[in-house]
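The structure under discussion appears below in the form of structure tokens.
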């Protein structure tokens, strides 16, 4: 992926995350639940002071430091490995975008705005940036697993 396309994609993904959070705060009261696709997905507005599943509540500096380290390393890795396959680039793009999206919330608000609730399973409420991070990490693990299988 060309550097310009990567940066534009990064900006677009972070903007989408931030716009979704702005919309939720503007249209749904804190703690309110609104069905989006009945029985499948609801939207709610939750202020998360921790990480996934609300672990490590009120440890904002920990998350800031970890986020800076992970994003910094991912950017360093991209810069020092210019010939990565498209799947690894996409994985790192998603990880960086998700990290930045939640980082903005932590710096601006001291919490992360979560809003997506899966009605059909007992699962934590999450946001768009969390989705990027999850898909990015899974994709990166698949890439690394495939490399190991093929001895690359």
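Glycine residues also receive a Cβ, built from the backbone N, Cα and C atoms like all the rest.
The following features are taken from Swiss-Prot:
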- 114: active site (ACT_SITE)
- 130: active site (ACT_SITE)
- 5-25: transmembrane segment (TRANSMEM)
- 61-81: transmembrane segment (TRANSMEM)
- 84-104: transmembrane segment (TRANSMEM)
- 125-145: transmembrane segment (TRANSMEM)
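A contact between the transmembrane segment (125-145) and the transmembrane segment (5-25) is present, since 3 or more of their C-beta pairs, 6 or more residues apart, lie under 8 Å.
Separation of the C-alpha atoms of residue 114 (active site) and residue 130 (active site): 9 Å, rounded to the nearest whole number. Residue 114 (active site) falls within a strand segment according to DSSP.
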